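See structure below.
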Amino acid sequence: EEIQNVVFGTNNASPSVLPRQLPPNINTSYSTLNDDQIDEHTSLLRRNPSVHSAISTSSAWSSTTVDTQMKSTVAQTLTNAINILIGIALLSFPLAFRNAGWLFGGLLLAFTCLLTNYTAKIIARCLDYPKASFVLKTYADMAGAAYGARGRVFISTMFMLELIAASVALIVLFADSLHVLFPNIGTVTFKILAFFTLTPTTYLAIRHLSYTSFVGILSSFTLVLVICFDGASKSERPGSLLDPMPTNLLPVTWMTLPLAFGQIAAGFAGHATFPSVYRDMAEPEHFPRVVNYTYLATGTIYAFMGAAGYLMFGNDVKVIMENMMATPGYNQLLNKLAVWLIVINPFTKYALTLSGVNFTIELSIFRHPAFSSLTKSKFAMRLVQFVSRLLISSVVIIIAILFPAFDRVISLLGSCFSYSIAAIFPLACHLKMYGGSMSTKAKVLDWSLLVLCSFLALTGTIWSFLPDDWIHSN
């Protein structure tokens, strides 16, 4: 979402998904923009770091009557939607199948895919709410139309926390990947290295970072291809699709099942960007079809990744890159290439993920009466920006050191934030906006899903903090 809209309200800028060239006269520095200009030109921020960020254009260059030729085609929208969903959560699906077993892993995957497909479509319906006093373009607009200022505050808080959690996941992934390549060096050392190498990227302009998402997409699909090649090229277990490891229909221990709730949900939560995707379509009537194709593609990729990893390594499966590098008989050069692409991933996503947090905090500081004098000095504003981003990145690194397990971070990200933003919030808005005109059957469906998702979110969130020893000992 446009983070400034989430916190400070809506505007008339028309957000886009595919990167477009800004007019040369646009300057997005704090020192040259007033509040309206800041709201209008701030970059579009994505939940899933793998998607392109975009820059909202000026009202002189783009308005609510933008020619459809400047909007996304069905094919472009489909590409963007798939890019939104396919991200680092791809690595968690083999773990999810290990924790849930084939039966519940398959059921959770199918349920989450169908659930988020449905909520993506009702988001479009909520955006077209006929009683709204203005055109709804973002999640924040939906929250405001349905629940007023409290709804806007809630969703802005959830977005901020989600972005921080996603940044922590990137740091943990960065450290774990390098530890696989250099096992004699501890992960804490690599997390400190991440602070010094990734923090400088937060000072770069977002428009320069948005195009690097191609690397993230490339690494995800390369990993899938390498897994397929490794499994097919090895004739004996472990690590072979031709001679799979023993697996379980049910969880080995039921205490691990709740961890799979978030590990699967994290892969299907691109809903924070779907309002922008929908509004950017030249033919929005095709949005439901795009959603269907998107979830068919991503669901297939996730199912293959989860099943292949579980078959190849059974209950010994870890974050898949660890298994790849530790198993003899593979093409190690190919596997190292895949792991290095994963290492590069945070360089393309970390700044994009934290940009919303940085912008919101900085704008709040500059708008506070006690610091209003800072806006008169370009040096003072840049100093605040420098210190603020340094401190935020430090907090992320500290959290990553305190919560070192990638599978737990992804479980928390999925359970707490993905369910809240991709399921609970759209369902609540739908019931609030259209409850009076919905059939009894539709109401029962939405309420049932709302209660079930709340249970899954709460349980998965609690389990994300439980110690491994406690889970496995029980």
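Please read every residue number as a count from 1 along the shown chain.
Cβ coordinates are placed from backbone N, Cα and C, and glycine is handled just like the others.
According to TrEMBL, the features are:
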DOMAIN    71-463  domain 'Amino acid transporter transmembrane'
TRANSMEM  78-96  transmembrane segment
TRANSMEM  102-120  transmembrane segment
TRANSMEM  153-175  transmembrane segment
TRANSMEM  181-199  transmembrane segment
TRANSMEM  211-232  transmembrane segment
TRANSMEM  252-278  transmembrane segment
TRANSMEM  290-313  transmembrane segment
TRANSMEM  333-352  transmembrane segment
TRANSMEM  386-406  transmembrane segment
TRANSMEM  412-432  transmembrane segment
TRANSMEM  444-466  transmembrane segment
Contacting positions for the transmembrane segment (412-432) when only residues 6+ beyond its ends and CB under 8 Å are counted:
47, 89, 92, 115-116, 119-120, 122-123, 125-126, 139, 142-143, 145-147, 155, 158-159, 161-162, 165-166, 169, 258, 261-272, 438, 443, 446-447, 449-450, 453-454, 456-457, 459-461, 463-465
Do we see three or more Cβ pairs under 8 Å linking the transmembrane segment (290-313) and the transmembrane segment (333-352), pairs being at least 6 apart in sequence?
no
Stretch of maximal Cβ-Cβ contact with the transmembrane segment (78-96) [cut-off: under 8 Å; candidates 252-278, 333-352, 386-406, 444-466]:
252-278
Which stretch, 102-120, 153-175, 252-278, 333-352, tops the Cβ pairs under 8 Å count with the transmembrane segment (444-466)?
252-278
Could you tell me what the rest of the chain brings near the transmembrane segment (386-406), counting residues at least six beyond its ends with Cβ under 8 Å?
91-92, 164, 167-169, 171-173, 175-176, 187-188, 191-192, 194-195, 198-199, 202-203, 319, 354, 357-358, 361-362, 365, 468
Among the ranges 102-120, 153-175, 333-352, the one whose Cβ pairs under 8 Å to the transmembrane segment (252-278) are most numerous:
102-120
State the residues, same chain only, that lie 6 or more residues beyond the ends of the transmembrane segment (153-175) and have a CB under 8 A from a CB inside it; answer 'none' if no residue qualifies.
1, 3, 6-7, 45, 47, 49, 88, 91, 139-140, 143, 147, 187-188, 190-191, 194, 198, 272, 342-343, 345-346, 349-350, 353-354, 356-357, 360, 395-397, 399-400, 403-406, 409-410, 412-413, 416-417, 420-421, 425
